[in-house]
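> OK, TrEMBL features for this one:
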DOMAIN    3-77  domain 'Cation-transporting P-type ATPase N-terminal'
TRANSMEM  60-78  transmembrane segment
TRANSMEM  84-107  transmembrane segment
TRANSMEM  227-245  transmembrane segment
TRANSMEM  265-288  transmembrane segment
TRANSMEM  727-748  transmembrane segment
TRANSMEM  800-824  transmembrane segment
TRANSMEM  899-917  transmembrane segment
TRANSMEM  929-947  transmembrane segment
Amino acid sequence: MENAHTKDTAECLAYFDVSETTGLAPDQVKKSQAKYGFNELPAEEGKSIWELVVEQFEDLLVRILLLAACISFVLAWFEEGEETVTAFVEPFVILLILIANAVVGVWQERNAESAIEALKEYEPEMGKVYRADRKSVQRIKAREIVPGDISVSVIKHTESVPDHRAVNQDKKNMLFSGTNIAAGKAIGVVVATGVSTEIGKIRDQMAATEQEKTPLQQKLDEFGEQLSKVISLICVAVWLINIGHFNDPVHGGSWIRGAVYYFKIAVALAVAAIPEGLPAVITTCLALGTRRMAKKNAIVRSLPSVETLGCTSVICSDKTGTLTTNQMCVTKMFVIEKVDGESVTLDQYDISGSKYTPEGEVTKGGLPVKCGQYDGLVELATICALCNDSSLDYNESKGIYEKVGEATETALCCLVEKMNVFGTDVRGVSKVERANTCCTVIKHLMKKEFTLEFSRDRKSMSVYCSPAKASKAPVGNKMFVKGAPEGVIDRCTYVRVGTNRVPLTSPVKDKIMAVIKEWGTGRDTLRCLALATCDNPLRKEEMNLEDSTKFAEYETDLTFVGCVGMLDPPRKEVVGSIELCKAAGIRVIMITGDNKGTAVAICRRIGIFGDDEDVTGRAYTGREFDDLPLAQQREAVRKACCYARVEPSHKSKIVEFLQGFDEITAMTGDGVNDAPALKKAEIGIAMGSGTAVAKSASEMVLADDNFSSIVAAVEEGRAIYNHMKQFLRSLISSNIGEVVCIFLTAALGLPEALIPVQLLWVNLVTDGLPATALGFNPPDLDIMGKAPRSPKEPLISGWLFFRYLTIGGYVGAATVAAAGWWFIYCEDGPMVSFYQLSHFMQCTADNEDFAGIECEVFEAAPPMTMALSVLVTIEMCNALNSLSENQSLVRMPPWSNPWLVGAMSLSMSLHFMIIYVDPLPLIFKLTHLTVTQWLIVLKLSFPVILIDELLKFVSRNYLEGK
């Protein structure tokens, strides 16, 4: 039934043709079930394991690696001689990498599907309805309830708590599936079931929300696509360049064997070009980042989102509990000092403290006040303590004071403790007892008989109290009342001045209401409560406590005692965090269900708006926003920093518009109805105190619900991106070096300097460890002084790519030079000429050009060992270069990151292991090196530091900031 909240009871019953006393007939139930289906949320059709596995191989880099593994496996199958076993190492290692990658991917995907399934936790199991074929209330399975059923609600507590700030709570005559009935009972007609309920609509929104790829994922996809094209081009080029060598004698004169040989070279080149260790290094770097964030109370659920935080340009934050403490505190109060004709004087007091705590001070004009000396304050404290169903509690395990019950009432309990009107000695009292010491003293004076619960029509609540035996309490029964000032004062006929009652005249009333209005609309926009007493209430026997419509009659002829003003104060650290966001070019948008005046006032207090700033076009209510044409809504989102009286659906719309401007949005939320917006935003941030559904739909959970933790996480995200650029630089320039090495050997007709299994070892192990350690680089000091980077900013700029090519070109040339040195100049080598080396495939016993040379020497292990040693050593030097993008090693020495020094030492140890520990040299086709050979390795490796220092000098002095 559409818009059921706008219909009266008779219309709803007529629509379903049902009686409120008998319920639906059996045939009506069957028809409704056939029409509307069962009252349940459909199970999410998740992907099968097989589908998820296949998805992991859709990445281009992975496909190229898989193709390389398959080809290597086929070539290894037909390998002959001693190399048969070692030939299988390469495809086996590649497949292990791919399998591990797929397992991690599938595991993450399966976890992601839990968001929608978490909604099912909010479905009740049983329900109570009237049915025409039964005389009494019938208990049935909740899934069998149909529209038109007459449902009976009972007091029941579930995990789901309705968001009292949400606009849709204005549908006063509706009960929503999955929410909590705090008190009372009712009979209602079911108007929607299953996916037609509000929680069902939330489920559909979440199912329809497509998860956006993070900027890092997008850039890595682009990088993979570009790399795959380059690899394909180079592989084909290497194969074509060597067509003339297909018939060389070394291949037995077989054109096919020559073609296969150079095909293997092309496969080796593909293996060299792909940074196999990149996924592992990225995952490790992000995981390290999550640990650092967790220490700052930001728990990251999605690893790629760690980097996304670094380019966050807009933070959409809830007000209550995130920007504010979510701990209501009384900051002002007044009582009547004197009434002289039409003149009235108020005693106004300030109260310190911004959290639930019994510590604080009451002051008047900046001077401390002993509240017990003022009769009006004693009575005000009495009302606060007795007209109250909540309390303050000390949590010994957490070491903090917490509320038990409503926030507003707990604030009144804290006020009573701060006032201490009876001068109770609280020294030496334990914190557990201190939480309610002064309230307990007052409660011993008066006994609470019963409570007239709060209702919307009278906007007040009251308690009926009688004097405790042998107490000093005023003689006779009393009713203490608290509520909205306009409602309570309208029922007052007197005001309390000291211990006397004075008639409430219009001038006195106007003065009181003027102060209350000033408090409610000023900079603090306090929430005001009027406190009153009924000195001569009816006797208990004369009251009908079952009929709440008569409560207002009992709360008449009241005496106004005073007023308290409270607010949910901003967190102390939020102002500094907002300033940090402004310096970092991040726009903060506050979203709240509070009224616009309160929202704007809070924005001014925390620095989103200036004290005198005109907020026209920068602050909207949900209704004002909806009334704008679509084009103006889009323009409003571009500038606005405050939204008040909004529904959760507005959050999704705001995110959508922001994404249209290429903004990277972080959105906070804590309720079930926030889940679609959290899932839609690039960074969904759930509160630690929020629902399971919100947490499941988010990328990050704030353990302390604190806005400043978001800003700290953004700072960490920026640092991680810088670290990522550094290890990408280290890995990619090294991979370019490997490609150059293989390309040069193939183009010049030289023997293989590196084979695939060696390249895999370098890419995965010796190269990966220092790259991972770069994640521990200290962050730049001005990291939060720069504007957010654009999500469209390339991962590798033109200048960076030139630097990669320059360093990579040297790496490749030095590696080939090391192998060539052994062949041509080393006394332990054959000392052949360059011509002989570049035509080694023509080497035969009867070829005069190779007289005195054994052709097997061109397959010797020493040149490969030298080439690999140069590659590993030069990559260690390259890791040192990556300590900073542009800072010299003189300014950023190696010991600034001890983890990197340790990783380099471990990598070199592993390299020595595969050279000197049997049987590893046999597997990797390596051998021992002499001291002279190691000196040549060092001489060829160190110049890479000098080359990069020159490139950094150019960056610092001519390109940085341009």
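Placed from the backbone N, Cα and C atoms, the Cβ positions cover glycine too.
Any TrEMBL annotation is an automated prediction that lacks curation.
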> Which bits of the chain, at least 6 residues beyond where the transmembrane segment (929-947) starts or stops, bring a Cβ under 8 A of a Cβ in it?
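Distal contacts: 806-807, 810-811, 814, 817-818, 821-822, 826, 828, 862, 865-866, 869-870, 873-874, 876-878, 880-881, 889, 915.
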> Between the transmembrane segment (727-748) and the transmembrane segment (800-824), are there three or more C-beta pairs closer than 8 Å, counting only pairs 6 or more apart along the chain?
yes
> DSSP on the domain 'Cation-transporting P-type ATPase N-terminal' (3-77): how many residues come out helix, how many strand, how many coil?
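Across the domain 'Cation-transporting P-type ATPase N-terminal' (3-77), the residues distribute as 47 helix, 3 strand, 25 coil.
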> For the domain 'Cation-transporting P-type ATPase N-terminal' (3-77), would you mind checking the mean pLDDT of the predicted model?
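The predicted confidence over the domain 'Cation-transporting P-type ATPase N-terminal' (3-77), as a mean pLDDT, is 78.
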